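Chemist: The structure that follows is given in the form of structure tokens.
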């Protein structure tokens, strides 16, 4: 039993050694002479809910420069070194990359945060929100275990100065947008009116030209009315013309193109036969 306890303790120590730990974390203010730095201390990974209260700093100068410094063992550098500044609950955060200098067994990390260069949308929302701006440190690698990566809030900034709200559209511009719903319009149930008018004019001019031609050639006269079998072909010819006019009128009023094509096919086959026979026999009697 003692052996297993010792082994478990050894494994825990090894895991702690491999974890990313920020040593001697402190905040300095290089833009303000004489302002003392703020010590945070060692920051290490925490599993589960982190109940540690982050350090709070009140900022009264809108041009303040805040510098976050810490050290990491040179043999255990993380691939991702990011400091997030912003309001996580509002999805307004800016990512800062560090300046890294190797100093023997330790690597010195320095993040420089210039408040004057923070996004206007972030500053405007922070001035309206009761919660402070949060600084979250991320030290992680894809090859490390989740419990070895560091993702912790280390600092809170209370802004004690007036923020310019002249361009209030910035918050809405970078905020969460409502979901886009696209409405697909239904397929048109009738042909476009300009196209229908063009075809009506073409058919009207064609029929009018046909009637004028018949009158000028004396083909349309009472003494030329067909009789016998030719009269049947004549009625079929007239029915074909009237039928196609009705089909086209129904198409313009809302009948689908497929029904129109089927109707034209059903009328066109017998209409072509009777009209051809009528015109052939009628042409011989003119």
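Positions of Cβ are set from backbone N, Cα and C atoms, glycine also.
Worth saying up front: this structure is predicted, and the values here are computed from it rather than measured.
Here Swiss-Prot flags 1-19 as signal peptide. Residues or ranges marked as topological domain 'Lumenal' in Swiss-Prot (evidence: a curator's inference): 20-194. Positions annotated as topological domain 'Cytoplasmic' by Swiss-Prot: 216-228, 274-286. Annotated transmembrane segment per Swiss-Prot: 195-215, 229-249, 253-273, in sequence order.
Describe the structural context of these features.
Modeler: Across the topological domain 'Cytoplasmic' (216-228), the model assigns an average pLDDT of 64.
Listed by sequence, the residues of this chain that lie at least six past the ends of the transmembrane segment (229-249) yet keep a Cβ under 8 A from its Cβ atoms are 199-200, 203, 207, 260, 263-264, 267-268, 270-275, 277-279, 281-282.
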